[in-house]
Structures are given as C-alpha cells and as structure tokens.
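Input: a single structure, listed below in structure tokens.
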Amino acid sequence: MASYTVKLITPDGENSIECSDDTYILDAAEEAGLDLPYSCRAGACSTCAGKITAGSVDQSDQSFLDDDQIEAGYVLTCVAYPTSDCTIETHKEEDLY
C-alpha cells in the first residue's frame, strides 16, 4: 500500500495530509481534522468538488463529472484515491456551473 502527500488548498489556507492509495481523500481529510464540504459520499453529486493542480487521482467510482470537467482537472474528493503526491483546491462546486 502506497501513501501520498495530498496538499489541500481551502478558503482557510493550506493543509497537507497523508493519504494511502486505498483511502478516499475526503475520508483522509476528515481523519486529519479538516472540515471539507460533502453530501452524498458516493460520487453522484458535486458538493465535494475540487480542482487538482498537481499530481493525479483515481476517481473511477464517480458518476457525476463529465469528460470535459475531468479533463479540466475537477475531482470529487469523496471518491478520489491519490495515485501520486497531489495538490487539490477544495470548495470548487460553484466553478462547475
């Protein structure tokens, strides 16, 4: 099991957390004491949306984002596993619309 450093850029500042490659980023953030937005926890809405600015994730469990949004770097943190060290700007739901 690999572990990666995930930098989360929130409206309140930056936080770096450790996240294993079999843990969703939202879950790891909550375990680290961070309060990120979420609703369905199933990849079927956009409440937890973020934008990845460096690195990569596996969000194959998501069913909400279209191909253009994924190509633009949007990620649903509730169903995203890190596949490298990465940086994600959180609280991006409004940017999707």
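Each residue, glycine too, has its Cβ placed from N, Cα and C.
Residues or ranges marked as [2Fe-2S] cluster binding site in Swiss-Prot: CYS40, CYS45, CYS48, CYS78. Summarising the annotation, Swiss-Prot assigns domain '2Fe-2S ferredoxin-type' to 4-94.
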Task: Other CB atoms, at most 10 A from the CB of CYS45 ([2Fe-2S] cluster binding site) - done: 17
Open item on the list: Under a three-state reading of DSSP, tell me whether CYS78 ([2Fe-2S] cluster binding site) is helix, strand or coil.
Closed with: helix
- [ ] Quick one: give me the count of other CB atoms within 10 A of the CB of CYS40 ([2Fe-2S] cluster binding site).
- [x] 14
Open item on the list: Comparing the binding-site residues CYS48, CYS78, which residue's C-beta has the most other C-beta atoms within 10 angstroms in this structure?
Closed with: CYS48
Open item on the list: Around the [2Fe-2S] cluster site formed by CYS40, CYS45, CYS48, CYS78, which additional residues qualify by having Cβ within 8 Å of the site's Cβ center?
Closed with: LEU26, TYR38, SER39, ARG41, ALA42, GLY43, ALA44, SER46, THR47, PHE64, LEU76, VAL79
